[in-house]
Amino acid sequence: MSASIRAFDPLTVPISGTNLIEASAGTGKTYGIAALFTRLIVLEQKSVERVLVVTFTKAATAELKTRLRARLDDVLQVLESKEIAKLGDDTLSDGTAAYCAEHHEGDTFLPELLKQALQKEGRTRLIVRLKAAIGQFDNAAIYTIHGFCQRILRDYAFLCQAPFDVELTEEDGDRLLVPAQDFWRERVSGDPVLAALAFKRKAVPQTVLAQIRAYLSRPYLNFRRPQTDLPQARGAALSSWQNICGNLAELKETFWRIHPLLNGNSYRKNSFAELFDALEQKALSTDLPFLEAKLHERLLKLSSDKLEAGLKKGKTPDAAVFAELQKLADFGRDLDALEEAEEATMIRLQLDLIGYLNRSLAEMKKSRRERGFDDLLLDVHTALTDNPHAEILARAVAENWETALIDEFQDTDPLQYEIFQKIFIAQNRPLFLVGDPKQAIYSFRGADIYAYLQAAGDAQHRYTLATNYRSHSALIGSIGALFRLKERPFVLENIGYSEVGAARAESRLSPERPAVQVRWLHENDNEKTNKDVLRRRAADYCADEIAHALNEAAGGRLNFKGCPLQSGDIAVLVRTHNEAVMVSAALKKRQVQSVLLSRESVFASPEAAALSALIGFWLEPRRAGTLRFVLTSSIFGYDAQQLHDFNQNESEILHWAESARNALDNWNQYGIFAAMQQFSQTHGIETRLLSRNNGRSLTNYFQLLELLAAEDAQNRNPAALHKWLRDQISLAGNNGGDNRAIRLESDEDLVKIVTMHASKGLQYPLVYCPFAWDAQDTGPSDWQILHQSANRTELLAKAQLSEDEQKQYADEEMAERLRLLYVALTRAEEQLNIYAAYSSDTADNPLAYLIEGLPQDSRETVRQIYDREKDGIAMLKRNWQRLTDNAPSGTDFAFTEDAPPPAAYRGNAGQTAEFAANSIPERRFRFVRHTSFTALSRQSQTPDDGEEDACPSLDAAETSVPAMPSETPTASDGISIHDFPKGTQAGLCLHEILEDFKFGQAAAGQETLITDKLKKYGFEEIWLPAVAEMAEACRKTPLTGAYCLSDIPPEYRCPEMGFTLHTEDFGLKRLRDWFARDDIRLPEVCRAAAETLDFHTVNGFLNGFVDMICQDPDGNICVIDYKSNHLGTDASAYTRQAMDEAVAHHHYYLQALIYAVAAARYFKLRGQPPAAVSVRYLFLRGLDGKGGGVWRWDIDAAALEQIK
């Protein structure tokens, strides 16, 4: 970067050499390009066809065409105006200046351009040239980067050695899967070692392809291929393991013999007992064992040096014993070596797959005469770098376009830059590269900031746009003060903060507000809260502030440009969809309407998925499951009750199937649009969408219909069009095609919620950044692109990163976050609102980096400061207060600690209108309830919200005991399930063990499952024997006749069956009468308890989950529910009377009835009405495997039919 930086003036900049123009946010980049283009046409007398303008998106290309054409129109309009036409040559110059001052106020470029142009040629000739240029403007060379490459390949096909008749297609990700599977068959499936490794790593072509897809077709990437010998490493580890297995008893005895000599803290008895138990268990198999990290660490502690270091003071090492135990540590190191070899092998495999796919895809497209958009760049790059005609081609292209203007150059990559380098720089053609490295935020799309920095170093001349036309001076100064706190505000060495002036001094808000307001989120300095709480608080604070501002505006107390501030003047910038949803919900609670502005594809919308399913149903009307998906989609919006009613109405199902067949007939005769219109009219699609006030869904729906109709016009049959739609949905993340962007209608009057990436290039009077404090650090992904010296770009696996490279990656990640932050902060025109808070990853937050430490401190230094600080909240708060209290002149900060007052938007509350209420006849509504056994048994007098039993849960009795387990025993001998802790965690643990338990296998073979569940819920492995004994008793306990769970095949068991049960008049009187009947055979104590039930009559739905429903070999239906209730200290406490009393006390008989009714209806709907339902409550702590601990109740189906 040796060239000095000067202010850019489009009228005086030399039209020669390589020029880099840095355009900071808001400095009029497009205006500058348009001015330079106009100068080239008007003053330099270039043809519009000979000036190349390149940008990176179709939308930007369209905007540039409009702006460039408009600028030429401005010049012609001045020259043809009546006032100028009547002037003589001697007054022409002054006259045009006066005319421009009156009709183009503030435009200093236009009068000076005209002055110089009229000095070169007469007005009449200039008008003729301008009209010719405007007439030829449709042929202007204004392209996307892909359009530019396509033009080269078309016009210079012979020199490029490119085929003529190729079809340009959008990238199809599905095409990659077939060659990936071919590679897998060739390289992996036939190799036992690789196949075993792939199985161990759960690697299949689909998952590996997903990891490396983004790095295909990028020839500038270099790889480090690790050298490894996996069979040798595996053989060494296996030999070591076999040696240990043969001597494990001796090794164990040796260790325990010297254990008294070792430090008890370093070599805890329980820990190493667990290690040797695990080794003995795994020695039963000849395969190499997998050891948990903690066990592996203990294995390595048995090396001679660590054992010697772990001796108690005064104890002498026994070299022979240590050498014997070294075998165990050597095995641990062999496992480490094997792990490294496996990792290196997987890396090589994936790198080989990248090369294979690049070759296969190229051959496939060549044979099909197809090219994708990325192929256009690759083809031109190859033609200019690896082609005998490369030099001739470069000269020919350079002669065709005399000058090139490249917009948004910060989003370039090495491939693109080398193309421009070969054509323009090497041929000494004028080249203007316009961009802003501070706004390079698209690395995830392949953009490479280092390619820009290389170009900056190569540039002969460097310019900057020095005036900001977006924001007022105090806002510009405040943002500048923030970034000037660091010598390297963007971490990377060659990206600094450029000082810019302001085109206006004052804010256009009235009354004025602080240019930058920092809102502190913590309620007090000692608050210890998690990020989820802070995120919700940020969304709520933001929504309150916006509602308050709009209320002020509605009352005439907050104006923008002399008029009340509008909702459309406000933007909330977020990074993720979840953040956007959170803000949208908070605004909705305050009656503030908002819209999420998205650059997402319309094919990524829920409506696209719904239409795809609907067309699938048309093609196969017998697929009722597809129809159910359609009905619950965003188009029809059926709720659970509507779907239930639909499922019960066979004629309705037949009606929909007939409608689908009619739609397909209409499609074949009249096309998709006519078919969809008729179907929509029949089923009221548009009416449904409008009734839900869902304008976005309606807009998406119509846009998708237009796209489908356009494709249908290409003579696609219904099946082919359906496949096309599915393909577009799967490719929706690629942002290809103009018609994919979601249309935004009637959004101007709503608060905008915009992702930071999508906000680039946009501006808003008020900007809120509620989540700017959140680092959202996800850590390194599996693969990273790192930039090495000499412009070498490497693709490295996470495991390949050295310590220095990990720091470099962290630097580049922070640099990207800082650039994204800069984009977000510079969107504001009048006021910027930043929210600040401390969290566990604050050290990785870009704002925290800027405001902490000395100006010269690096990212790593700042991280170390935060790591050392014990009171991070106080430190961060001090940093913000120091910045705002000591801000330099020309800035305007406000630091606010208090929460904003709660607000709800009142609209134009000051304007009153008189309305007369319409009289409506009185109507009676029937109250429909969603409730559950839990709500009923708690004697609830208010309707339950239906949420409680929407997922499996424990009964109140099982959670009522405080979760205070007794002291964990030091040995498993003598403990039983009766000693197992009580409380919620214990109950959940036991339920989950049985949910995943394989009842056809003995518990002894499922100890890993039980151990994992115990650990998940925080219980020591010492409880394993007791819990395993309980599980074994559970599988062996007789349930119906002599049958137990071990006798029932898995396909006849349904664990955790959820149900939604429709009820009518489920009330107390009828229920008590039913329980009291002799034929119901309910224990007397339960009948008495039924008299104490107290709940409202239920008309609606009962929700719940049954632990298990099963059918024994004789066809008997059994409902099983696990109870972890503690009734006593041994099995003798679980008598029939004790269980009856527990069932009565907790109203379990009501639960049993509900479950039995659900089971009976379930089997009846499937054509297997049961004669009776057997309810079995398994009191887990009282099971003895012989029938003890089981509460039994058999209910005749005829009696169940009477429960409505």
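Cβ atoms here come from the backbone N, Cα and C positions, even for glycine.
The number of other Cβ atoms within 10 Å of the Cβ belonging to Asp1121 (active site, for nuclease activity), over all protein chains shown, comes to 19. Per TrEMBL, active site, for nuclease activity is recorded for Asp1121.
The ATP binding site annotation in TrEMBL covers Ala23, Ser24, Ala25, Gly26, Thr27, Gly28, Lys29, Thr30. The Cβ of Ala25 (ATP binding site) lies under 8 Å from the Cβ of Asp436, Lys438, Gln439, Asn468, Arg470, Tyr822, Val823, Thr826, Arg827, each of these being in the same chain and 6 or more residues away along the sequence.
The feature Mg(2+) binding site is assigned by TrEMBL to His991, Asp1107, Asp1121.
As annotated by TrEMBL, domain 'UvrD-like helicase ATP-binding' applies to 2-472.
The feature domain 'UvrD-like helicase C-terminal' is assigned by TrEMBL to 497-761.
Per TrEMBL, region 'DNA-binding and helicase activity, interacts with RecC' is recorded for 1-877.
For 927-1204, the entry in TrEMBL reads region 'Nuclease activity, interacts with RecD and RecA'.
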According to DSSP, Asp1107 (Mg(2+) binding site) sits in strand
Not counting Ala23, Ser24, Ala25, Gly26, Thr27, Gly28, Lys29, Thr30, residues with a CB within 8 A of the CB centroid of the ATP site are Gly32, Asp436, Leu465, Asn468, Tyr469, Arg470
Among Ala23, Gly26, Gly28, Lys29, i.e. the binding-site residues, the one with its Cα nearest that of His991 (Mg(2+) binding site) is Gly26
For Thr27 (ATP binding site), the same-chain residues 6+ apart in sequence with C-beta under 8 angstroms from its C-beta are Leu465, Ala466, Thr467, Asn468, Tyr469, Val500
Across the region 'DNA-binding and helicase activity, interacts with RecC' (1-877) the predicted model averages a pLDDT of 88
Whole-number Å distance separating the Cα atoms of Ser24 (ATP binding site) and Asp1107 (Mg(2+) binding site) is 63
Whole-number Å distance separating the Cα atoms of Thr30 (ATP binding site) and Asp1107 (Mg(2+) binding site) is 65
The most crowded of the binding-site residues Gly26, Gly28, judged by neighbouring Cβ atoms within 10 Å of its own Cβ, is Gly26
Students should find that the Cβ of His991 (Mg(2+) binding site) has, within 10 Å, a number of other Cβ atoms equal to 21
Note: among binding-site residues Ser24, Thr30, least Cβ-dense neighbourhood at 10 Å is Thr30
Around the Cβ of Ala23 (ATP binding site), other Cβ atoms within 10 Å, all chains included, total 27
